[in-house]
Amino acid sequence: MPELPEVETVRRELEKRIVGQKIVSIEATYPRMVLTGFEQLKKELTGKTIHGISRRGKYLIFEIGEKDRLISHLRMEGKYRLASLNVPMEKHDHLALKFTDEQLIYADVRKFGTWELISTDQVLPYFLKKNIGPEPTYETFDEQIFREKLQKSTKKIKPFLLEQTLVAGLGNIYVDEVLWLAKIHPEKVANQLTESSIHLLHDSIIEILQKAIKLGGSSIRTYSALGSTGKMQDELRVYGKTGEKCVRCGNEIQKIKVAGRGTHFCPFCQQK
């Protein structure tokens, strides 16, 4: 599943390659992915130019024309790729923005991804309604607010972080990495964390996600960002390392289920 670093990598690639392109037509083999209606999407966007690509958490925002904003969520396995106009859509290709000389195709094996067309003035209310937390930077991710939310909660820390309300963009891979770096057991109850643990967790979230962005995300299993290969998978310390030695203490990495999610951790470094 693409997490914030992978989505940011896609955003940067799209920004380089499609900003300035005019949408000549739009094709869909699975129009239900457009939650706000495919016909309305065609009517509003055909003939307009893409002026920018931004991001909020795991959501991509296509800035089109003066007031249109196309919100794209990749969900589990959504991918974009550029192709020439004469390339037919394949089995798992569901949507395509066609430009003058090429097309941007959206593929999604599970069909979980979504497109939504909203106006510029609806963007802020849209994300407020989603209750998405701040971006993982020192400028936006306030440690005191983070601490207060943790101290009021009896939730287990891993599923709480996955909710996206504390901070934006964490998924299963990077939550495991963050908790390992901060030496916190994934089942630790949030309000049982010490002040020093919360401080380390806050900084670890920023460190891991910013490092992953710098390295272009993780290219594992079926996921790569617009055909590019990230390098963060080479830096993972616990995710996918079941049975291997912890690089910090030498004990064996274990895998358990936490809130239904496969979870990798070191039982020695990350004690309850």
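Counting begins at 1 with the first residue displayed.
Quick reminder: no glycine exception, Cβ is built from N, Cα and C everywhere.
Over all protein chains present, the Cβ of PRO2 (active site, schiff-base intermediate with DNA) has 25 other Cβ atoms lying within 10 Å. Among the features that Swiss-Prot reports, active site, schiff-base intermediate with DNA is placed at PRO2.
In the three-state DSSP classification, GLU3 (active site, proton donor) falls within coil. The number of other CB atoms found within 10 A of the CB of GLU3 (active site, proton donor), across every protein chain shown, is 23. Feature annotation from Swiss-Prot assigns active site, proton donor to GLU3 (among others); the stated evidence is similarity to another entry.
Here Swiss-Prot flags LYS58 (among others) as active site, proton donor. Listed in sequence order, the residues of the same chain lying 6 or more apart from LYS58 (active site, proton donor) and placing their CB within less than 8 Å of its CB are PRO2, GLU3, LEU4, VAL7, HIS73, LEU74, GLN164, ALA168, GLY169, GLY171.
DSSP assigns HIS92 (DNA binding site) to coil in the three-state reduction, placing it in neither a helix nor a strand. Cβ neighbours within 10 Å of HIS92 (DNA binding site), excluding its own Cβ and spanning all shown chains: 17. The DNA binding site feature in Swiss-Prot is assigned to HIS92, ARG110; the stated evidence is similarity to another entry.
Helix, strand and coil content of the zinc finger (237-271), in residues and according to DSSP, is 0 helix, 12 strand, 23 coil. Here Swiss-Prot flags 237-271 as zinc finger.
Marked as active site, proton donor by Swiss-Prot on the basis of similarity to another entry: ARG261 (among others). In the shown protein chains, 15 other C-beta atoms lie within 10 A of the C-beta of ARG261 (active site, proton donor).
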Just to confirm: which same-chain residues, 6+ apart in sequence, have a Cβ under 8 Å from the Cβ of ARG110 (DNA binding site)? ARG75, MET76, GLU77
ARG261 (active site, proton donor) and HIS92 (DNA binding site), distance between Cα atoms, whole Å: 26
